[in-house]
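Features as listed in Swiss-Prot:
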SIGNAL    1-21  signal peptide
DOMAIN    40-90  domain 'BPTI/Kunitz inhibitor'
DISULFID  CYS40-CYS90  disulfide bond
DISULFID  CYS49-CYS73  disulfide bond
DISULFID  CYS65-CYS86  disulfide bond
Amino acid sequence: MKMSRLCLSVALLVLLGTLAASTPGCDTSNQAKAQRPDFCLEPPYTGPCKARIIRYFYNAKAGLCQTFVYGGCRAKRNNFKSAEDCMRTCGGAIGPWENL
């Protein structure tokens, strides 16, 4: 009798774990998208100045942070000094380092 109760308890725990994992509210990728600022969706903006500064932007189509050449003035908000700042603000992974 004790063995059948133990088996039943284990089966219920496995079932509850499976149900909890498949619940839509448990999808953290949707939560990250909902918390991403709108400016993360903007394309990279070089600006009118002529400097050639490597910066990072969040590429919403690719879902990762990539480099671009920034001219040095009139920066928009999807312009980060480091890949870590880009990822912290907009999420995603660090992508290929080639310029777009």
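Including glycine, each Cβ sits where the backbone N, Cα and C put it.
Taking the features listed in Swiss-Prot, we show where each one sits on the structure.
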{"residue": "CYS40", "record": "disulfide bond", "CB count, 10 Å": "19"}
{"residue": "CYS49", "record": "disulfide bond", "CB count, 10 Å": "13"}
{"residue": "CYS65", "record": "disulfide bond", "CB count, 10 Å": "26"}
{"residue": "CYS73", "record": "disulfide bond", "CB count, 10 Å": "11"}
{"residue": "CYS86", "record": "disulfide bond", "CB count, 10 Å": "26"}
{"residue": "CYS90", "record": "disulfide bond", "CB count, 10 Å": "25"}
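A coil conformation is recorded for CYS73 (disulfide bond) in the three-state DSSP classification, outside any helix or strand. Annotation note: CYS65 (disulfide bond) sits in a strand segment as assigned by DSSP. For the domain 'BPTI/Kunitz inhibitor' (40-90), the mean pLDDT of the prediction comes to 97. The secondary structure of CYS49 (disulfide bond), as reduced to three states from DSSP, is coil rather than helix or strand. Cα to Cα, CYS49 (disulfide bond) and CYS40 (disulfide bond) are separated by 22 Å.
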